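Please read the structure below before turning to the comments.
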Amino acid sequence: MVSSTRPGGPGALRALRKRASAHLKAGRLAEAQALYVSLCKERPADTESWLALARINRRLGNFRDSEYCARQVLSNQPASYPALVEYGAAVYMQGRVDEAMAAYGRAIDVEPGGAEAHYYLATAYLESGRKGAATEHYRRTLESMPTHVGALNNLSTILTDNGRIKESLDLLEKALKIRPNTQQMMVNQARTLLHAGDAGGAAEMLEKAVRICPGAADVRSKYLLCLNYLPDPDPERIYREHIKWEGMHVKKSRAYTFSDKAPDPGRRLNIGYVSPDLKRHPVSSFIEPLLELHDKSRFAVTCYADVVKPDETSRRLQALSDNWRWTSRLTDDQLCEQIREDRIDILVDLAGHTANNRLGVFARKPAPLSVTYLGYPNTTGLAAVDYRFTDAVADPPGLTDCYYTEELVRLDRGFLCYKPPEDSPPVSRSVGETDSVMFGSFNNLAKVTPAVIGAWARILSEVSGSRLLLKSRATSDPYVRGRISALFAAHGISSDRLIYQNHLARVSDHLSAYAGMDIALDTFPYNGTTTTCEALWMGVPVISLCGEVHASRVGASLLGQVGLDRLVASDIDSYVGLAVALAGDKIGRQELRDNLRSAVRQSSLCDAGAFARKVENAFGKMWESYVEGYPY
């Protein structure tokens, strides 16, 4: 009688499969992989082993091998639900998105309630920008598996983007109960709290996320960004936290050398701009005038666009550049090599610690000089970044220099140049009567601190019959409206004096909403930037409170550029007083409404030619100092 445990016999194969399964359950993927390979060789028709091997290869990142294994199963069982899911996942990771989505669809046909197939299909839709379809399939996932944390987390992200804050927070709370202290879900919760206007709660959540996983550079950047929104920011503490980012996340690497210093400081310079926001984004409204009017005889411009989903704005900016690199798929090291290959002289960061930044590239210093500008209201904290563009109002000499690792380069007559949208609607010519003035703010609710609400409540109390118009991505949510109304009620302001405007996707519709506003009220201590420019362009005067750090002085800088220094307050009492006085001056408000767009158009804020020259002159001086070996 032949033993059932002979090599290749049924008993031996069962034992081999048992060992392979034990390795897999213990997370010993390489050992499990080797055993399942043996099983598949012994029994080529063993679909169970091929399926396990497909899963292992996917977890190991061997996506072509995973695809091959899934194909072996499907050749024998074309309607195998798990094999279709594995096949879809394998080809998706190879960039064959349509093929993956078709496989997920076939899997759902086989098993309509299959949570895994719905989840993967939803994620594919989300990555391709089809949020409506993604939402449907994440909900189908949760119908079959209510505790699926991936679906809970990803659906919450979509809901936050759509302004459905309460539902998003509820999903995240459920997910964190299932899997506490999961960093990505904590980050999403912080992001949602920011949208709701709870900067303090967001900062606490991000601080906890940083403690849980201190090596995550992107999470620490989100924490640093959030610190700028706090009601009472401590600039010394914030500076120290920025310095800590470099200490935690910048690894020692080989130093690049630059042996081609030009003895002629007047040669044509290669300027590189690095940004994930070269698309429809506020950054583009301020960088486009510079790209458009750069002197191409003196400067060659290369843009490094870390843009995942290009749009019409991306294509417009691309046409203004000498060279354009799509860089979202490049590692930091690969991007550094591209910058070196392009022989960039001065590399400009436009993101700071905002989302999808490339500070890891700037830390490696792939160009002789680097500048940070525009996208972030604070220091990078990197010793490798040489300069930061600002102006003498946003950063008065001697007041804020100590809070930057960069040397501040103050541009004359303002550090910002705004390009109004080409499809801007005309300015509404009428203003409200003194007893029906509409104040307003279209700023991010994260900037609306308790002190801001207190000041706005005082203004509403002192201006009889006045109301306040609020618009952000989150003001369509009843939970958010209720939260804001409760904060005003604590100051004696009833909810009928608060007007909530839903988010408007079209720029022209958004700008048209300013027609219903008489006076814009800036936020503090984090001022608005794009919203201030938009209000002024639409003929709406802005009252701003000037503080002690850059983020709280941008409003003063912008208003100074258009000749409205008189609308800048030095404290809360004067902020309230300026708003009340302007509300009572209907003639003055009408004059501003009639003339403000023209004044903005003729001011330094929209003088793109002059702005380009002063930036270029600054670049030239930086390079001259570098060549000569002296500080700027």
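The backbone N, Cα and C atoms fix where each Cβ goes, and this holds for glycine too.
Because TrEMBL annotations are produced automatically, they should be read as predictions rather than curated entries.
Residues or ranges marked as repeat 'TPR' in TrEMBL: 81-114 (among others). Counting same-chain residues at least six beyond the ends of the repeat 'TPR' (81-114), those with a Cβ under 8 angstroms from any Cβ of the stretch are 47, 51, 54-55, 57-58, 63-64, 66-67, 69-71, 73-74, 120-121, 124-125, 127-128, 140, 143-144.
The repeat 'TPR' feature in TrEMBL is assigned to 115-148 (among others). For the repeat 'TPR' (115-148), the list of distant contacts is 81, 84-85, 88-89, 92, 97, 100-101, 104-105, 107-108, 154-155, 158-159, 161-162, 178, 309: same-chain residues at least six beyond its ends, Cβ to Cβ under 8 Å.
Taken from TrEMBL, the feature repeat 'TPR' applies to 149-182 (among others). Away from its own ends, the repeat 'TPR' (149-182) comes close to residues 115, 119, 122-123, 126, 131, 134-135, 138-139, 141-142, 188-189, 191-193, 195-196, 208, 212, 473-480, 502-503 of its chain (Cβ-Cβ under 8 Å, at least six residues beyond either end).
If you look up TrEMBL, you'll see 248-415 (among others) marked as domain 'O-GlcNAc transferase C-terminal'.
The domain 'O-GlcNAc transferase C-terminal' annotation in TrEMBL covers 435-613 (among others).
Per-residue pLDDT, averaged along the domain 'O-GlcNAc transferase C-terminal' (248-415), amounts to 94 for this model. DSSP states for the repeat 'TPR' (81-114), grouped as helix (H, G, I), strand (E, B) and coil, give 26 helix, 0 strand, 8 coil. Secondary structure counts, DSSP: the repeat 'TPR' (149-182) has 27 helix, 0 strand, 7 coil. Broken down by DSSP into helix, strand and coil, the repeat 'TPR' (115-148) contains 27 helix, 0 strand, 7 coil.
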